[in-house]
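For reference, Swiss-Prot has these:
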{"type": "BINDING", "residues": "Asp44, Ser45, Asp83, Lys112", "note": "3-methyl-2-oxobutanoate binding site"}
{"type": "BINDING", "residues": "Asp44, Asp83, Glu114", "note": "Mg(2+) binding site"}
{"type": "ACT_SITE", "residues": "Glu180", "note": "active site, proton acceptor"}
Amino acid sequence: MKITVNTLHKLAEEGRKITMLTCYDASFASLLDEAGVEILLVGDSLGPVMQGVDSTLPVSEEDMLYHIRCVARGAKNALILGDMTFGAYQESPQQAFAHAARLLQAGAHMVKLEGGAYMAETTRFLVERGIPVCSHIGLTPQYVNMFGGYRVQGRGEDAQRILNDAKVLAEAGASLVLMECVPAPLAKEITETVKAPTIGIGAGADTSGQVLVLHDMLGVYPGKKAKFVKNFMEEAGSIQGAVQAYIKAVKDKTFPAEEHTY
């Protein structure tokens, strides 16, 4: 069954969890698609994961177009979500539309952009012109130099700001709201408040769905493992088994567990 925006909203309304994994090539796209992962995120995480750079900032539009095309060739049913790259959408809604249109022409079905309520005008501009949007709030990696590192967002008084971001962006027409590294109670409140389905990474188990970087889920990560990561390969013994275990754990609401949550 072809996954669409309507499919995602129906799953969320029925309380059935949505699964998302990053994907950068045709072979893994085919494997994840056949396993039943609903969303393949062609993320700018390809910078650190595939290119070996230390952040997502150097990733270019050309990089994204190449990897989206690769994934689109391998996926038959999954919805392909493409990241908008740093510097290619922040200047104006018009700049964002030109960038997003190229991502869709390459094979994406939806684009993801980072930022809070101030991105509402751009979100609305894209949606009104036929481009589905996933809003990325909380820890937004393209803002790493502003945050001074990769840190949990939304604690204390900052929680109200992130809740407002989610409300404003959903009202602007975002089809999905992705929350990264926010406290689980805040993510739960946002999920219960906004109409758009929510996807969490380091945001507790009460979101509409979950996402992990594929390589993290398979135990392929240099250095220290992030708190929200679980290595599904350890027990599964095969890539296909690990993917199936991830899907089952998300659907059964056993992942993320307490130890993966802020």
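In case you wondered, yes, glycine gets a Cβ from its N, Cα and C as well.
The structure, with features from Swiss-Prot marked on it.
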residue	record	contacts (Cβ under 8 Å, 6+ apart)
Asp44	3-methyl-2-oxobutanoate binding site	Thr56, Val59, Met64, Asp83, Thr85, Phe86, Pro141, Gln142
Ser45	3-methyl-2-oxobutanoate binding site	Thr22, Thr56, Asp83, Pro141, Val213
Lys112	3-methyl-2-oxobutanoate binding site	Leu41, Gly43, Leu81, Gly82, Asp83, Met84, Val133, Cys134, Ser135, His136, Leu178
Glu114	Mg(2+) binding site	Met84, His136, Ile137, Thr140, Pro141, Gln142, Tyr143
Glu180	active site, proton acceptor	His136, Ile137, Gly138, Leu139, Thr140, Pro141, Gln153, Gly200, Ile201, Gly202, Ala203
